[in-house]
Amino acid sequence: MSETAASGLRLFTSESVTEGHPDKICDAISDTILDALLSVDPHARVAVETVTTTGLVHVVGEVRTSGYVEIPKLVRDKLIEIGFNSSEVGFDGRTCGVSVSIGEQSQEIGAGVDQSHEVRSGENTDADDQAGAGDQGLMFGYATNETATLMPLPIDLAHRLARRLTQVRKTSVVSHLRPDGKTQVTLAYDESGRPVRLDTVVVSTQHDPDVTQEWLFAQIKEHVVDWVLRDSGLESTLDISGYSLLVNPSGSFVVGGPMGDAGLTGRKIIVDTYGGMARHGGGAFSGKDPSKVDRSGAYAMRWVAKNIVAAGLADRAEVQVAYAIGRAKPVGLYVETFGTAKFGLTDEQIQDAVLHVFDLRPAAIIRELDLLRPIYAGTAAYGHFGRDDLKLPWENTDRAEQLRDVLSLG
């Protein structure tokens, strides 16, 4: 690190976790239940939290729906899909306890969403004023041109490593692996804020008891880390020589999943978003239907930020939106480009263009992004943004030209 500081470089780190991490198990269960409910009732109101510990899954929350889903079966099927299918790995979806404690959504909250403050005060102007935000809060979105997906490179690489770690386990490319795991990537950034060197990669993976750490290191390096670095094509833009690789630096990792640590929905919000490169409003995503602006507002902000960068208006963009519970119109919007704006544009000019091009009322977001669909379970692990393996509507850059037109950039 001292050599890095002396060279004027700064280190930035992001982490990811696999779908077998206890918190991610809970996110996956919550979003699987959400998707199932949206499949039978697209207008279902859902707020589902999951807790897991040794031998037990507990599902709690509030739901308003005209449909029915068999939650215990959804829980068990998801656990087995992840890989917790035997007591030998520390958790068995077929035999674990599953308890469900779900009540009805508060009528007061429901009323504020169904009939906004604008409607109740006579301020409404069109149908999109009808629905109020499901809660107060602030949400951030971010984009940067340092990767093809317009995501920060540290979290992008960390997710790719975590996905590959799961892939080699499920396809038996590497034997003796178990579902729980984490990845971490440290990159050196130069004075202009560009990533220039891979500094450290950490991979921690649950494994069977009869493997040596030397064997595991070789397998992870060849089939996970080296594979991802080749697949990413970073050699031409990033110095990947001489990086430090740490595999299970704490030693043996046999006990994992819910047997190793209790899990809870919504505890990996930095993994879910930008790996710490951008600010976060604090609200989690999983288990929440899109009337909850914690989710839909954050997705809209990624959509906005990505279009700003895709339009060439800035190299980096962070946007914030804020809502009041029961109000349709946002109470605030903020755009920050960190001095990277192009064409002599100010952040205020870009902000005005965003307000002209994007309708950020919850009903409009839900309609424009078509969010009343079962599209959420796939986002529960490996990030909600920058996913080139999923077709997520908030990743579209369909408003980039409109932003340029509003700013008379042609």
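Every residue, even glycine, has its Cβ placed from backbone N, Cα and C.
Swiss-Prot assigns the feature region 'Flexible loop' to one of the listed ranges (83-93, 105-115, 171-181), namely 105-115. Ranking the binding-site residues ASP23, GLU49, GLU62, GLN105, LYS292 by Cα distance from GLY181 (ATP binding site) puts ASP23 first. Closest to LYS292 (L-methionine binding site) by Cα-Cα distance, out of the binding-site residues ASP23, GLU49, ASP261, is GLU49. ASP23 (Mg(2+) binding site) carries a helical DSSP state (H, G or I). Across the residues of the region 'Flexible loop' (105-115), the predicted structure has a mean pLDDT of 75. Among the binding-site residues ASP23, GLU49, GLU62, GLN105, the residue whose Cα lies closest in space to that of ASP261 (ATP binding site) is ASP23. Around HIS21 (ATP binding site), the C-beta neighbours below 8 angstroms that are at least 6 residues distant in the chain are ASP180, GLY181, LYS182, GLY257, GLY263, LYS268.
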